[in-house]
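Everything on this sheet refers to the single structure shown next.
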Amino acid sequence: MSTARKYTLWALAWPIFLELFLQFMLGAADTLMVSRISDDAVAVVGYSNQLFNGIYTIFQAIAGGAGILIAQKLGAKREGDARTISVLALYMVSAVAVIFSLLLAFKPLWFARLLRFPGELFPLAEVYIAIVGGGTLLVAVMFALGTVIRNTGNTKGPMIVSVGINVLHVALNYAFITGSFGFPEWGLTGVAISTNVSRAIGVAVLFWMFLSAFETRIRLRDFRRYDRKLLAAVLKISWPLGVNGGSWCYSQIVIFAFIAILGSRELAARTYMNTLESFCFMLGWAFAMAVQIQIAHLYGAGKYREAYRSGYRATLIGLAVVTVNAVLLVPLGKPVLGLFTDNADIVRMGVSLLLLNIVLQPGKMINMAMVSSLNAVGDTRFPMVVNVIVQWSVAVGLSCYLGLHLGWGLTGIYIGMIMDEYVRGVTVTLRWWRQKYLRRAGGTAASAGAAPLAAADG
C-alpha cells in the first residue's frame, strides 16, 4: 500500500474500529460471564478498572506522545529518529510500570480503602486488584508497542493481536468460572489470572511485530541508542497528555466513589452502562484515534491545510455515527441489560439513563476528535488546562451537588458529566479554529519557501 493510501482516514480508522468493536463484544461477553459469579463481582471489576485506567493513563501518555512524534518524523522522512523514539518509549513505560505492579500486587487493600470500596466487596477486591494490578507491566508494554505500530500506519496488526488475546481471555474466563476443560473453578480469581495470561501472550506477539514495524528492522543496537533531545521532545508532549488523561480518570474515580456512596446496585448499574456506552462511541473513537495519526503525519510532511480540514471532517463523521448509535440503544437497552442481570432495580436504573446518553455522546465525540487533532500538532498543554479545570469543577462538582446533595442519584451524576463534555468540547473546538500551531508551522514553512496556511482556511 502506498504511503498516501496508508494514511487516509478510512484506511487508519476501520482496523481501529474493528478492534474496538470486537473488544466491546468480547468485553460484553466478559462482563456477562462475571455477572454469573455475582453482581458484587461485576461491581469489583468495574470499580477496579477505574483504578487501573487511572494508572494506565501514565503509560498511554508516554506512548501517545511518542506515537505523535513517530508519525511526525515519518511524515518528515526521518525514520531513524522515529525508531529511536519507539525504543525510548518502551524503556520509559517499563520503568514506571514496574513500580505500580509491585504496589498493586503487595498493597491491594490499601487501594481498595482509598477508593472507598463498600466493605462487603473487600475480599473480592483484594484478590482481583493484587493479581490484575500485578500485571500492570504487561499493559504498559502493550500500550507502547501497539502505539508505535499504529503510528507507522499499520493499524491492522494491533487489531489482530487485540482480537486474539480477547478471544483467549473470554475462553479462559469460561474455563475458570465453570471449571470446564479440566480447569479449576476459581471464579473471580480465575478471571484475574486469565487477564494476565492473555496479556502476556499479547506482549510477545506485539514485540515480534514491533521489531519489523519500520522499513529497516529494529536490531539490538537500536536498544542501545540514547538521544537526549528526542527524549525531551517525547516528554514535552507526553506530560500534558499524562496530566490530561490522569485528570479524567481520577475524576471518574471520584465520581465512581459518589456512586459507591449511593450503593452497590448503583455501582453495578453504572458498570453495565459503561459497557452499553462503549457501543455508542467506539466508531467515533476510532475516527478520533485515526485522525490523530493522520494529522500528525500531515503536519510532519508540512501539509497544514489538509491537517486542519481533517480535524473537522473526522468530528462531523463521528458526530453522525455516535448520535445514531445512541438513539438505537434506547429501545434495545432494557433487553440487553436483562442479559447481564436479573435485578429489576439495576435494570430500571440503567434504562433511565439511556435518554441522557443521547445528549452525552455528541459532546464526548467533539472532545475526542478535537483534542486528538490538537494533540497531533503538539498542542497538548491547552487541552490539559481546560480538562483539569472543567472536569473537577463541572463534572465532579455538579455530580456531587446534583447526585448527592440534591439526591438526584445517577441522573444527577449524568447531568454533571454532560455539562462537562460540552463545556470542554466547545472550548477545544475554538482552539482548533484559531489554528495557533498550524499557523506557526505554516509561517516557518513559508520562510523556508513552502506555502503557508492560508487565512481563508480558518
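Each residue, glycine too, has its Cβ placed from N, Cα and C.
Because TrEMBL annotations are produced automatically, they should be read as predictions rather than curated entries.
Given the structure is predicted, the values throughout are model-derived calculations rather than measurements.
What TrEMBL annotates here:
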{"type": "TRANSMEM", "residues": "7-26", "note": "transmembrane segment"}
{"type": "TRANSMEM", "residues": "55-76", "note": "transmembrane segment"}
{"type": "TRANSMEM", "residues": "88-107", "note": "transmembrane segment"}
{"type": "TRANSMEM", "residues": "127-148", "note": "transmembrane segment"}
{"type": "TRANSMEM", "residues": "160-177", "note": "transmembrane segment"}
{"type": "TRANSMEM", "residues": "197-216", "note": "transmembrane segment"}
{"type": "TRANSMEM", "residues": "237-262", "note": "transmembrane segment"}
{"type": "TRANSMEM", "residues": "282-302", "note": "transmembrane segment"}
{"type": "TRANSMEM", "residues": "314-334", "note": "transmembrane segment"}
{"type": "TRANSMEM", "residues": "384-404", "note": "transmembrane segment"}
Stretch in 55-76, 160-177, 237-262 most in contact with the transmembrane segment (282-302), if contact is a CB pair under 8 A: 55-76
Per Cβ pairs under 8 Å, the stretch of 55-76, 160-177, 197-216 packing most closely against the transmembrane segment (237-262): 55-76
Tertiary contacts of the transmembrane segment (197-216), as residues 6+ beyond its ends and Cβ separation under 8 Å: 79, 82-83, 86, 135, 138-139, 141-142, 145-146, 148-149, 152, 154, 157-158, 161-162, 164-166, 168-169, 172
Sequence-remote partners of the transmembrane segment (55-76) [C-beta within less than 8 Å, at least six residues beyond its ends]: 82, 85-86, 88-89, 92-93, 96-97, 100, 104, 136, 139-140, 143-144, 146-148, 150-153, 230, 233-239, 241-246, 248-249, 292-293, 296-302, 375-376, 378, 380
Surrounding residues of the transmembrane segment (88-107) on its own chain - C-beta under 8 Å, 6+ positions past either end: 55, 58-59, 62-63, 65-67, 129-137, 139-141, 143-145, 147-148, 226-227, 230-231, 234
